[in-house]
Amino acid sequence: MTGRSRRGVKFPHSGRRSSMSEASEESSPSKTRALANIQEKSKDAGDNQQLSDYEKKKANFIERTLWTFVMIAGFFAALFMGHIYIVVIITAVQIISFKEVIAISSGASRARDIQSTKSLNWYWLAVAMYFLHGETVIYYFKHIVMVDRVLLPLATHHRFICFTLYVVGFVFFVSTLKGGHLKFQFTQFVWAHMALFLIVGQSHFIMNNVFDGLIWFFLPAALVITNDIFAYVCGITFGRTQLIKLSPKKTVEGFLGAWVMTVLFGILLTHILMRSRFFICPANDLGANIFTGLDCEPNPVFIPQTWTMPELLFFPTKTRFSITMAPMQIHTFFWATFASLIAPFGGFFASGLKRTFKIKDFGHSIPGHGGITDRMDCQFIMGFFAYIYYHTFIAQSKVDFDEVLEIVATRLTIDDHKKLLLFIAKYLVNHNAIDSSVSA
C-alpha cells in the first residue's frame, strides 16, 4: 500500500523540473543581446533596402526628367531650324526603331552562327528606305529631279531599280537557307518585313507630312503627346475602371478625360499655328527657318469662316446664332479624336509585343525612357492617319487650265478627243450641270 499513491492526493512537483542550466540559459543576458542584435540588423537591412529603392527611384526620376527636357529642346530646335533637320530626325528614328525591333528576335542569330541573317535585315532596311525616300523626292521635287541629267534616269526607272534590288535580296535569302535553321530564318524574314511595314513604311508618310507643311507633322505629334499626358493626369485623379488588361494602369476615366482635354488643346494649338506661314506652307524653300518663314497662298482650311444656325422654333423670330472659326479647327476635332481613341492602341500593341518577349523596354536609346520605339509607338499610326486624312479631305489638287489645253491639243489624237468629250459630257450630266439631251 505504501508503494501506491493515495487516491485524491496531488503532488505539486510530479512534472519534470527545469534544470539550473536551462533556467540560466533562458534568462541569459548574452542570448537576449544576440536576439536584439539580430532584430536590429534585420531592421537596419530593411531600412537600407528602402533607402536604396528610394535612391534608385530618385535617380531614375532625375535622369528621366533631364532627358525629357533634352528631347523637347532638341525637337523644337530642329523644328525651328527647318524641314531638313526634321527629316534627319525622322530618318534616325526609322533606323534606331528598326534596330530595336529586330534585336528582340535576332539575338539568337549569334548563337546559331547565321551571320547572313543580320546582314540581310539591314539590306532590307536600305532597300526600303531607298524606295520610299526616292518616291518622296520624285513626288515633291520633280521640278529639280526631272531637269537633272544624272537624276532623271534614276527617277524614271526608280521602281524597277528598287524591285531589282529586292529580288537580289530575295535570291540571296533563299540561297543561304540552312537545314535545321529553316524555322528561325523564315521567322527572321517575316519579322524584318513586319518591322519595315510598321516602322519604316509609316515613318515615310510622316516625312511626307513635313514636306506638305510642318503643321501636318507637328500637330499630330503634339496631339499624341498631349493625350498621353492628360491620360496620366486624369487617370491618377479620378480613374477607377481598368481599360485594357495589357496596360493595367490605363483607366476608362483617364481615357475619356484625356480625349476631352486633347480636343480642347488641339483647337487652341491649331488657332496658334494657323497664324504662321512657316507652319502652314509646303516646303517650297528647304533653306527656310522660323525666322525667314515661307510664302504661299494659304489653304482655304486656314481661312476663318462664319457659320450661322437656322432659325429655331423655340427662339424668338430672327434670332440666330453664328460662330466664326477656320475649317481646320473642325478637322482638328477628328484628329484629336483619333489621337485619343485610336492611336493609344498602337501603344497597347507595343505593350503586348514586349510582354510576348518578356522585356520591359525595346531598348536603351534614351536614358530613363527606354528605346526610341517606346516613345514612338503611337506616333507611327497617328502620322499615317494624318497623311491619309490630309490627302483625302484637305489637300488641294491644282491643275493649270492652260496646261491641260496644251496637253489635249498637242498630245491627244482625234479619237482621244472624242473619248474625252464624251467623258466630260457624261460627267456634267451626272452632276446635273447640263441636260442629258446635250450628251446624247
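Backbone N, Cα and C define each Cβ position, glycine as well.
TrEMBL labels come from automatic prediction, so no person has curated them.
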*Of 312-332, 333-353, 417-437, which range does TrEMBL call transmembrane segment?*
333-353
*Using a Cβ-Cβ cut-off of under 8 Å, list the residues of the same chain that are 6+ residues beyond the ends of the transmembrane segment (122-141) and lie near it.*
91, 94-95, 98, 154-155, 158-159, 162, 165-166, 169, 172, 192-193, 196, 200-201, 204, 207-208, 211, 283
*When counting Cβ pairs under 8 Å to the transmembrane segment (255-274), the leader among 157-177, 189-207, 213-234*: 213-234
*Counting only residues 6+ away from its ends, which parts of the chain sit with a Cβ under 8 Å from the transmembrane segment (61-78)?*
85-86, 88-89, 366-369
*Can you name the far-off residues of the same chain, 6+ from the ends of the transmembrane segment (213-234), with a Cβ under 8 Å from a Cβ of it?*
79, 83, 86, 206, 250, 253-255, 257-259, 261-262, 265-266, 269-270, 273-274, 278-283, 332, 335-336, 339-340, 343-344, 378-379, 382-383, 385-387, 390
*Sequence-remote partners of the transmembrane segment (189-207) [C-beta within less than 8 Å, at least six residues beyond its ends]*: 87, 90-91, 93-94, 97-98, 101-102, 105-106, 120-121, 124-125, 128-129, 132-133, 135-136, 173, 217, 373, 379-381, 383-384, 386-388
*Using a Cβ-Cβ cut-off of under 8 Å, list the residues of the same chain that are 6+ residues beyond the ends of the transmembrane segment (157-177) and lie near it.*
114, 116, 120, 123-124, 127, 130-131, 134-135, 138, 185, 189
